[in-house]
Amino acid sequence: MPPPQRFRVQSKNYFLTYPRCTIPKEEALSQLQKIHTTTNKKFIKVCEERHDNGEPHLHALIQFEGKFICTNKRLFDLVSTTRSAHFHPNIQGAKSSSDVKEYIDKDGVTIEWGQFQVDGRSARGGQQSANDSYAKALNADSIESALTILKEEQPKDYVLQNHNIRSNLERIFFKVPEPWVPPFPLSSFVNIPVVMQDWVDDYFGRGSAARPERPISIIVEGDSRTGKTMWARALGPHNYLSGHLDFNSLVYSNSVEYNVIDDITPNYLKLKDWKELIGEQKDWQSNCKYGKPVQIKGGIPSIVLCNPGEGSSYKDFLNKEEKPALHNWTIHNAIFVTLTAPLYQSTAQDCQT
């Protein structure tokens, strides 16, 4: 009679099933994390399910850094914290970690730890058709979910075509942003300096056909909480660029009447698109962090908002000796206003910036 076969599993990916297991998924994950193994764990996912008759069971996927040899069939046993009970799993080595992950994701509720490791031998990573993967990506609920699907199912495309994939998904998942609704009506700003009001009347008081080919921009400097941001954003449809420039179609539109440039340092704007934005240039390109260069229609003025002080003030920046050319250009393309008081009177607007 041959000796009984010794238990032995050798794999980078382990698929565990715990029948009739009442241990919560959080506790199961904690216990699996604490099990000592000679190979480091990289990822654990636990799924808590119930059969139609209400009977509970757990599934778990464990990914190791390299192949792990298990000769102890009790190694992955779980212990109840509420009663004297042990739960022993069915232990299998999984060639396709992605297939196991997809299987345990279908039903029940899951919890995970670590970073999922894409397996090049996975049926989802190689044998499954690209059409299936991309169809699933199109049906995802977000760009990030779609990228995750392609990373797991089409890793070659994800690595070699990431730039194009991301750019295409941004266009596919594009949703027109909800129009911004100002919290305060324009009529509540009663302390507008004459030069600012003249600028508003000159630009917004005309129809689009009667406006100049390259209207003048305006640079407004003032302390925080003077109402300059809320005033600028209450004038009409606009692009709001704050902190940095982003011409991604998700946040920038070519169909607005003006730009609001808020808290963007003059040094940063000089390195980017100073003359294009302040000079109302038409039909120019700007690069996005991801994706192809964006074509900007332009031809609209900018309201530049800044605080006084070194590094923030556009006036101080332009008055430096080394910038006479930029100074002369800017004063021909924009007017400067320095606020000495809030643009509003009501204390209800003290939160304005």
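Even glycines carry a Cβ here, placed using N, Cα and C.
According to Swiss-Prot, the feature motif 'RCR-1' maps to residues 15-18, out of the candidate ranges 15-18, 67-70, 171-174.
Record note: Swiss-Prot gives His57, His59, Asp107 as divalent metal cation-binding, and the candidate from Glu49, Glu65 in that site is Glu49. Among the residue ranges 156-176, 177-197, 198-218, 240-260, the one that Swiss-Prot annotates as region 'Oligomerization' is 156-176.
Candidate binding-site residues: His57, Lys228. Fewest other C-beta atoms within 10 angstroms, His57.
Look at the motif 'RCR-3' (103-106): DSSP puts its residues at 4 helix, 0 strand, 0 coil. A 10 Å cutoff on Cβ-Cβ distances gives Glu49 (divalent metal cation binding site) a total of 18 other Cβ atoms nearby, all chains included. A gap of 62 Å separates the Cα atoms of Asp223 (ATP binding site) and His57 (divalent metal cation binding site). Long-range Cβ contacts of the region 'Oligomerization' (156-176) within its own chain (Cβ-Cβ under 8 Å, at least 6 residues beyond either end) map to 130, 137-138, 142-143, 146-147, 150, 248-250, 290-292. Same-chain residues that are not part of Glu49, His57, His59, Asp107 yet have a Cβ within 8 Å of the Cβ center of the divalent metal cation site turn out to be Cys47, Glu48, Arg50, Leu58, Ile104, Gly108.
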